[in-house]
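Asker: Let me begin by handing over the structure; questions about it come next.
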Amino acid sequence: MRHGKYPLIITFLVPPLLLYGVFVVSPYLQAFQISTTDWLGYSADANPVGLDNFRTLLHDGYLWNALKNNALLLAVVPVVTIILGLFFATMLNMGGRRGRAGVSGVRGTSVYRTVYFFPQVLSVVIIALLWKEVYHPNSGLLNGTLGALGLPTPSWLGDPRTAFWCVLAVMVWSNVGFYVVLFGAAMSAIPRDIYEAVMLDGASRSVTLRKITIPLLWDTVQVAWIYLAIAALDAFVLVQLMTNGGPNFSSDVIGLRMYDTAFGSETKFGYASAIGVVMFFLTLSVAVLALRAGRRDRIEYS
Amino acid sequence: MTILEPPVAAQDTGAPVAAADRPVRRELGVANLFSHGFLLLWGALTALPLLWMFVTSFKSNGEILADPWGLPAALRFDNWVRAWTEAQIGRYFLNSAVVVAGSVTLTMLMGATAAYVFARYEFRGKQVLYYLFVGGLMFPVFLALVPLFFVVRNAGLFGTWTGLILVYAAYSLPFTVFFLTAFFRTLPTAVAEAALVDGCGHFRLFFQVMLPMARPGLISVGIFNFLSHWNQFLLPQVLMQGDDSKWVLAQGLAALAVSQGYAGDYSQLFAGLTIAVLPVLAVYVMFQRQIQSGLTAGQLK
């Protein structure tokens, strides 16, 4: 078994390591270093300024404004998406009455599941551009519908009061289908006899959902929360393409702040990297928090 | 839409289950109407924008501005032709195909070989290297953006497909290695041992025995990588600035939306979006079982 194992280990491990080291590890390490300089871009002129960039960050009103929007996304998107996902997954997996009580899906389950999953296979760019047209104040689908019903037709993305919430709604829209399928897969892994037992004991449907299904899905919900929280800290593509942070920075997010600082009209690479470092610690703490807060005993079916 | 229970409903439920079923019956009737309503509503909410996009792609600009709900007077395929040629959606589509074919192949090759070594061999520093790879899952791409720009430029790969392929593959390695290592660990060791005893070399063992056995895992993670590379926007936007003949589809569509804003050519944008969506949806509908399980399996692990 030992004979000739090292040639394989070396040929199999060195190319991926090189690729990963050059394009992933080294940029990440450099980013921390760049964040402590006043580098302004294409000239090689970068002076170490210690933590000055981070001190500037603390008083940067635009950054706090963007952070506030990310905090709102973080507070709303995961909760709403998970509730909708659980609701639809429950309906699709156990909303039906045929067969064994309470554990079969409604009719047309597979069609619903196919359609709900559509946004997941579309690129975020397409979703953003399509919804920008849906929200269009004159020729959009939304105002076309509202107008036909005789309702007021707001300007949605053009209004600082609504623009951010319009983007948030699209974020929920594009994610729900994936979690319906994810929760659905986790639900069908729950052994049927558990349900049969509780039905025999006369448990109602809502009790079954609260006391059996959701506790058994807890691990999956936790994973969903982490992924959605990370997505809420990003939201860059949707915001950039739908509103570009506007009107008047009302829908700005921290990713867009960083992108514009680095690749916008001025190229403040040092400062942009400092924003990147902040994003890194935010992502890390959100994930760690979710893992700690949600820790429960693992349940395995044998 | 009927929600009546078909007559065959209770046919094969055993007696005890049927008895337990009875008290909940009335509750279910209302719940079912309610739930079907919501399911239909969400289905419409998901499908309508896409359907609207498709129908609108045949309308003239005048029709689009006049009534969002109106149907086109004729099937104006020239919208599609304009999007394909003038807005170069056809070219961008091919560019994306070339880049993604390269990047997925490279990701799978590198990911599978690294994961196999991590799963099946013992050597010094294995833990450290494994966590180095998997740790990449925690880092936001934004943090690396500025230095990555210079790494790619200094390597002479700025604005090239090769650069994009290498970068896509590098950033997909953490998840691919994580997923495939777990998968290779689940494969039985007996087959590999038997092959080695029979004098099969380590390389042949990997390519002729282990890779075919890992096919389901490779397909899952391959679909995942394909979709995430195909939909990538941030990386090409930073690394493919300039020469627009090499852009990928996502960039082309974003540029089309910007130029549409000036020219007011809505129909061209809708046609471009439809051209970009249709093949993806067609592939999805054909392979939806694999795609859904491929995308969700990664998170359930």
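Cβ atoms are placed via backbone N, Cα and C, with glycine included.
Below are the features listed in TrEMBL for this protein:
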type	residues	note
TRANSMEM	B:33-55	transmembrane segment
TRANSMEM	B:92-118	transmembrane segment
DOMAIN	B:93-287	domain 'ABC transmembrane type-1'
TRANSMEM	B:130-152	transmembrane segment
TRANSMEM	B:164-185	transmembrane segment
TRANSMEM	B:205-227	transmembrane segment
TRANSMEM	B:269-287	transmembrane segment
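Provide an account of the burial state, proximal residues and distances for the features listed.
Answerer: Packing against the transmembrane segment (B:92-118) from elsewhere in the chain are residues 126, 129-130, 133, 161, 164-166, 168-169, 172-173, 176-177, 179-181, 183-184, 206, 210-211, 214, 218, 221-222, 225-226, 229-230, 246-253, 275-276: each is 6 or more residues past its ends and has a CB under 8 Å from a CB in it.
Proximity of distant same-chain residues to the transmembrane segment (B:130-152), defined by a Cβ-Cβ separation under 8 Å and at least 6 residues beyond the stretch ends, is recorded for 114, 118, 158, 163, 167, 171, 173-175, 177-178, 181, 234-235, 238-239.
Long-range Cβ contacts of the transmembrane segment (B:205-227) within its own chain (Cβ-Cβ under 8 Å, at least 6 residues beyond either end) map to 100, 103-104, 107-108, 111-113, 116, 120, 172, 175-176, 179-180, 183-184, 187, 191-192, 195-196, 287, 290-291, 293-295, 297-298.
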